[in-house]
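What TrEMBL says about this protein:
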- 601-615: compositional bias 'Basic and acidic residues' (COMPBIAS)
- 625-647: compositional bias 'Polar residues' (COMPBIAS)
- 596-615: region 'Disordered' (REGION)
- 624-656: region 'Disordered' (REGION)
- 48-72: transmembrane segment (TRANSMEM)
- 178-196: transmembrane segment (TRANSMEM)
- 203-224: transmembrane segment (TRANSMEM)
- 248-269: transmembrane segment (TRANSMEM)
- 290-314: transmembrane segment (TRANSMEM)
- 350-375: transmembrane segment (TRANSMEM)
- 396-418: transmembrane segment (TRANSMEM)
- 496-517: transmembrane segment (TRANSMEM)
- 529-548: transmembrane segment (TRANSMEM)
Amino acid sequence: MQQLCCCFGTRTDKVSPGESFDQSKSSTPTSDGTLNNIFRTERHCTDILFIAIKAAFILILLVLIIYCMAFGDIYRIVNGYDDCANVCGRDNLPDEKLACKGADRTEQKFLLVTGSGVTTSDLHRMCVASCNEVEGFKPWLNRCIRVSNPTEEVATRTGLRNFFQEVSEDLDACQREIVWLALTAFFCSLLTLVLLRVLPGLIVWLVLVAVLLACTTGTIWLWFKWRHEVEQTAPEAGESARMRINNWLYYAIGATVATVIVCLVILVMRRRIKLVVQLFREAGKAIASMPLLLAEPVLTFVTIGGAIALYVYFTVWIESAGMLVIEGNNSARYEKDPTMLLTRWYNLLAFLWFAQFVIGCQHMVIAGAVAGWFFTRNKSQLGSPIGRAYGNLLRYHLGTVAFGSFVIALVQFLRMLLKLLMHLVRNPQNRVTNCLFDCCQCCLRCFERFLQYLTRNAYILTAMHGDPFCRAGQHAFRLLTSNALRVAAINSVGDFVLVLAKVFVVVATALVGMELIQRKPGLHHPYVPLILVGIFAYLVAHCFMTVYEMTVDTIFLCFCEDCETNDGIGRPYYMSRGLMEFVQNSKRALAIDGSRAGTTTDHHDHHQQQALRDGKAWMAADSKPSLQQASPSLGNTTIKQQQQQLRTAAISETVD
């Protein structure tokens, strides 16, 4: 119990560098020759206050739900009730204020509503045993609805009733094919991850070339289209023809500007794109080392699905609650008091908070596992980074996730309230008010996206350093702003590559499905199973790519921290050789630019290259088996000499 509740006094050491907590297993040399772990800090509970706030919030929700249950009956929604507030299909309790209340409606399970419906008083509700008692009605969800209503007429004339029946038959006939296509979606997603790991450079540059070709081709076509319109339009043409020509001209100019901007952006970020390629390669290595990370989104979807079911259940109870209001001798209805109305919105906020909390837990676990992988020099001693990440989340950082998820949920809740207010007061004639509402909605949406991005990166820093939410957010914001061009490259190129990866999975699954399902005889609407399979394939691909995206973001921030904290000499880098070569090439490019400007940087460039070699040497030497474990009889002096020999050999093997 003490291990699960560190907030009551237990502490542990930070686990960012990897599996080992023993100081002797670290590989950072100090002046006295000993080894010291520069990432080693005490990890403690963060944002404890929000754990208490969330617990109190849930307790208040339960109290409000119990209050609604005390004055509600779920069968008022399921079956409906008549004019005397008697629930259909139930044996009702009497009420001394209303003589007709308390009738036994067990045999009368259907609600029949008659009247003009102009006002509430014009409607008359009664419970009937069968909808056939009244001509022109049929049963539907324990209600009697008119056979000749507009929905029924549309269903009859368009054949929708037969359509749904035929679709049901098609799905039943294609069960085996659907299972095979689901497996195909999983296989294509795994294949995509393998390609992103093995050929990240080829894939990224193919995407960029495709974007350039699309922009260039589209721009040329628009200019040809404008030229064609000019040549085909007579000089005496009317105003509409000239307006059409001008529109094509504006389109062509806009496309030209966009193409030039895209070319300039790719030109400016070409070096950063190399970092994107390397990050994709490192993300593939991380996921290959921890394949169970791919199960995280599945667990998240299941948990959120359970939360949705619970939210719907609570909502039904809330909507069924009400105080009995007598309108006449034989007429009564249920009205909600302010507490019940408050519970409706409170339940919505609770659902939004819990959904964001679950997503935040997923981000924290992935970030903790990937950070532990990154800061472990000897990957063979990785241990169980996912289990350690779960342990850190449950023991120390639930408050941080509760804090970050509450901020996002609150903004989402405000957006929903604003949207409701827009529907209540929107006036089609008042364009100024409508424009203000739209601007507010857009600003809130942008602010929400910004918060989601910053919060996700704050979770990464919390998983890495054990910082509370605000400090981690400030640190993340500083890292992101100081590496703005790199962030832009990752968010533009990287996200676009992942979107295309999802498209590839969906298209590949759909093509296989067309081959399988089209051969199936007797199908009425073969495209319906294909659409459903395509949706499922997208969800599967989204699960895989979400993990990949979070892994890339985590490795990027770990890379930034490694560059800021270590120098490659006395404090060797934790990053892989590929990332170190990227750093080396970047520093060499900066040195060349400085020399072109007349700055003497030969000595500095040599020093930086030597620092990088030393960093690789420390990293390579540390990956060797422990000399102390291999030969316990060796003295400290002999061990240090052999360690120095290993580092010297590693330096000589370093690729410049």
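Quick reminder: no glycine exception, Cβ is built from N, Cα and C everywhere.
Since we're looking at a predicted model, the values are computed, not measured.
Between the transmembrane segment (496-517) and the transmembrane segment (178-196) there are at least 3 Cβ pairs closer than 8 Å, counting only pairs 6 or more residues apart in sequence, which means the two stretches are in contact. Of the candidate ranges 48-72, 290-314, 350-375, 396-418, 529-548, 529-548 has the most C-beta pairs within less than 8 angstroms of the transmembrane segment (178-196). Tertiary proximity for the transmembrane segment (48-72) is limited to same-chain residues at least six positions away from its ends with a CB under 8 Å from its CB atoms, namely 7, 314, 317-318, 320-323, 339-340, 342-343, 346-347, 350, 353, 357, 398-400, 402-403, 406.
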